[in-house]
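**Student:** First, the structure itself, so that you have it in front of you.
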Amino acid sequence: MNKIIILLIILLSFDIISAAKKFGRKGIRTLGDNEVLLSDGAIRGTVTDTHRVFYGIPFARPPIDELRYEDPQPPKPWSYVRDGTKQRDQCIQDCKLGKGSCSEVGTSEDCLYLDVFIPRTVNPGSKVPVMVFIPGGAFTQGTGSCPLYDGLKFANSSVIVVNVNYRLGVLGFLCTGLLSGNFGFLDQVMALDWVQENIEVFGGDKNQVTIYGESAGAFSVAAHLSSEKSEGKFHRAILSSTPYTVGLKSQTVARGFAGRFSSKIGCDLEDIDCHRSKSPEEILAIQKELGLAIGDKILDAFTIWSPVVDGINVNEQPLTMIKQGTTHDVPTIIGDNQDEAILFVYMTYKNVVIPSSYRTMVHVLFGIANGNKVLEHYPLPGFLKDSRPILSKLLTDYLFRCPGRYHVSKSAQANESPIYHYQYKQVLSGGHSFEACEGLVCHGTELPMVFNTYESALDLDLEEEEEEFAEQLNNYFVNFIKYSNPSHPNGLPTPKVWNPTTKTTNTSLVMKLGFEVKDLITNDPKCDLFDSLSYNGYTKDQNRMRKSKK
């Protein structure tokens, strides 16, 4: 009897080895099943009639204790079947991003997990294109595990969606002489490594990976386009509402903010043990207190904490590399919303901004001579009238629209891969959670339409023509993810042909009901002015906080 048992064990071992060889180090346990075997262990997900989803897959070791303020480390293998039916905590933050944009399960330093949405019928040999979504939130808020970014719609269109988390704020970007300040960015790189290692288990094609980000997520995508660390780990890119002009932090600026933070929390800048002794609650409280000081660039207020240009992980400012033609040459979509800056201006200035204050802001931002040129295009309103509307238009152009146009123009000249541009102009019906955005197309307005989560995440009841618009919008993105062409003839139906901008054509797609195709580059004196001033090239006497004259 014992010999028979031993023989059965040996035969079973051969079967396991055979299966492992068939699928590499990993393989799906039963086709159509809810369990998969990853490189680090097995995980059980949820199966529905239309798709499968695996929540809370670890792509790095928890960055806690001695791993706080360290580059991400590979996860430890596990020997049990991990529960992937529930979302994990978002990274430490005080999320105020609005309905549907924050996690419903809490926060933790143990947050380096990703969620995978898969078409129901795929198997390990399907070679389905993959979209990795990097959420925004000024590098201090945001999570891939929220209702807004549910990947069901993409999965139903035969795209695998991977939503990632990464460390935020101080915990993600504290830069000292000893610390790079790029932990959050390297978390994203490790997530891309995980995709290369594991996505075939889910039926994905590791050679067809699109990275897609919005706002700070788009700036992250721009950094990946500029980083040797990310080369070859993605093959297409989508950047929505990229605040290029804000810039990533230089090491000098990043260390300045780190020094102030260290003083407030009671640690020497280089005393990492002291920093590791502080609770997440203490860190978050001091982080929220920290603002600009005399000598800081005004635009640093948008992202006090961000990836750092260190010459190793992030080689240079993305817009500088775009100008030089040295970014990774991959098919790209880039675009922005009609009223991007309204949200930021009205959240910062809750009361009327009088014209004299507006003029001072422009002069501080651009210097007096260049500021006067800017005021010719964005003139002062009437006496004592509110300047916030014109300030919003200026910042929409200067932070988002014009540098986006610059990116498209330079890449079309330097790269072989196609680049597509859009302008999103569809007002979100059913109201906006922020009063100043009512009837406008604010930052982030496109997201519930692209993901088709307007009902599930925002409880919006759209008109039939708006639902059709959202369907068509998603089709453009799906076609690009599959074919590098949003209007590919073999793709899903779209109402207009969206051609790339090239060395000789300047096409842009206006995203609103009916869609329109228009010229992007020419006849735009406002952007021409900002191009001539540059977006990151101000002297030390400009664009900085100053002491007010008595």
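Glycine too: its Cβ is placed from the backbone N, Cα and C atoms.
Annotation comment: Swiss-Prot describes Ser215 as active site, acyl-ester intermediate, evidence class sequence analysis. For Glu340, His443, the entry in Swiss-Prot reads active site, charge relay system. Feature annotation from Swiss-Prot assigns disulfide bond to Cys91-Cys111, Cys267-Cys274. Annotated N-linked glycosylation site per Swiss-Prot: Asn156, Asn506, in sequence order, evidence recorded as sequence analysis. Residues annotated as signal peptide in Swiss-Prot: 1-19.
Walk me through where these features lie, including what they touch and how far apart they are.
**Tutor:** Counting only same-chain residues six or more apart in sequence, the Cβ atoms lying under 8 angstroms from the Cβ of Ser215 (active site, acyl-ester intermediate) belong to Gly136, Gly137, Ala138, Ser240, Ser241, Thr242, Pro243, His443, Gly444. The secondary structure of Ser215 (active site, acyl-ester intermediate), as reduced to three states from DSSP, is coil rather than helix or strand.
Long-range Cβ proximity for Glu340 (active site, charge relay system), meaning a same-chain Cβ under 8 A and a gap of 6 or more residues, is found for Ser241, Leu395, Thr396, Leu399, Phe400, Arg401, Cys442, His443.
His443 (active site, charge relay system) falls outside any helix or strand according to DSSP and counts as coil. Cβ contacts within 10 Å of His443 (active site, charge relay system), excluding its own Cβ and spanning all protein chains shown: 24.
Shown in sequence order, Pro62, Arg88, Asp89, Gln90, Cys91, Ile92, Asn165, Arg167 are the residues of the chain, 6+ apart in sequence, with a C-beta less than 8 angstroms from the C-beta of Cys111 (disulfide bond).
Under DSSP, Cys274 (disulfide bond) is assigned to a helix (H, G or I) in the three-state scheme.
In the three-state DSSP classification, Asn156 (N-linked glycosylation site) falls within a helix.
Within 10 Å of the Cβ of Asn506 (N-linked glycosylation site) there are 17 other Cβ atoms, across all protein chains.
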**Student:** Suppose we draw a 10 Å sphere around the Cβ of Cys274 (disulfide bond). How many other Cβ atoms does it contain, all chains included?
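**Tutor:** Cβ-Cβ neighbours of Cys274 (disulfide bond) within 10 Å number 14.
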**Student:** Among Asn156, Cys267, Cys274, these being the recorded positions, pick the one whose CA is nearest to that of Asn506 (N-linked glycosylation site).
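**Tutor:** Given the candidates Asn156, Cys267, Cys274, the nearest one is Asn156.
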**Student:** Roughly how many angstrom lie between the C-alpha atoms of Asn156 (N-linked glycosylation site) and Cys267 (disulfide bond)?
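**Tutor:** Their Cα atoms are separated by 50 Å.
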**Student:** If one looks at the chain holding Cys267 (disulfide bond), which residues at least 6 apart in sequence have a CB under 8 angstroms from its CB?
**Tutor:** Cys274, His275, Lys278
